[in-house]
Amino acid sequence: MNKVVLYCRPGFEKECAAEITDKAARLEVFGFARVKEDSGYVIFEGYQQDDGEKLVRDLPFSSLIFARQMFVVGELLRDLPPEDRITPIVGMLQGMVEKGGELRVEVADTNESKELMKFCRKFTVPLRAALREAGVLTNYETPKRPVVHVFFIAPGCCYTGYSYSNNNSPFYMGIPRLKFPSDAPSRSTLKLEEAFHVFIPADEWDERLANGMYAVDLGACPGGWTYQLVKRNMWVSSVDNGPMAQSLMDTGQVTWLREDGFRYRPNRNNISWMVCDMVEKPAKVAALMAQWLVNGWCRETIFNLKLPMKKRYEEVSQNLAYIQAQLDEHGVNAQIQARQLYHDREEVTVHVRRLWAAVGGRRDER
């Protein structure tokens, strides 16, 4: 199997294609991407027969920025007979995957696919029963086995394949289902909440998003991101010339500092989190983030990089490479991840976690 399907935000197919082509080549997997504008997905086709399997096994899904999901597929099933769509799908999956732990019948995230989504929901139950009977699925859901994907691109027209549960998005269609909290000051709050779900394993939340931590929000007004930190009982310094929502100030957990986020320097050395969602050139934001990390002013950071109109993948890659180079130069070991989240628009969200510094005596090590 030489094809891989990647879901992405509609309008960002070219970026997703450029990224998978680049990162596949680093694994010595060569091929080409099929791109249809505003379709919400990309198909990468390798030149060697087992290239698809190699990518979903060896290319870390967490290293992809523009992909929401990644799975290997066989040939496109066309013109499924309306009276029996199940038999051809079961036949295609037999021999491709054994004892999958979960079934996801999905569509791309487009307006055109909304009607098709209703069909997928109804179709899932009888298809799951048939796949269990055929041995393609286990008799119970388990996260330890591969996920079986059936991806409809049109009525009666689908790709079938699988992903590995330790190297995929755990979410249906690659989208976390989050509800906007009615008391949050702005919808941007969902970006940070989604970032926590994507970048921080659920079993580490109690330790890394803990009560009583100190956090800084640069460019905080009106407080959408501060809201998420307050909700987790952190003490937050919100830095912005613009006013904060009164509901946040009333909690007593927020200190509003009326100054420019680029000029602010912290006066304490135990800041666990710095978050930043400022509308500014990505290179300028990347330089500021690198400064915070190199100086040990925070342990972890989540920030947004606004994307230019063209060469978006190249721009983000340069920004991340700059941050990595600064960390390397100063002997700081860190994990860097970036993803265009479902709640992001013309931007990507980056998470950096300092692990240790080669040189002792930084502010966060005293």
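Backbone N, Cα and C atoms are what each Cβ position is placed from, and that goes for glycine too.
A quick note: this is a predicted structure, and the numbers were derived from the prediction, not measured.
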Ser188, Cys221, Pro222, Gly223, Gly224, Asp240, Asp277 bind S-adenosyl-L-methionine per Swiss-Prot; candidate in Asp203, Asp206, Asp260 listed for that same site: Asp260
Between Lys306 (active site, proton acceptor) and Gly224 (S-adenosyl-L-methionine binding site): CA-CA distance (Å): 17
Sparsest-packed among the binding-site residues, when each Cβ's other Cβ atoms within 10 Å are tallied, from Asp240, Asp260, Asp277: Asp260
Residues satisfying Cβ distance under 8 Å from Lys306 (active site, proton acceptor), sequence separation of at least 6: Val279, Glu280, Lys281, Pro282, Val285, Glu346, Glu347
Local Cβ density at Gly224 (S-adenosyl-L-methionine binding site) - other Cβ atoms counted within 10 Å: 22
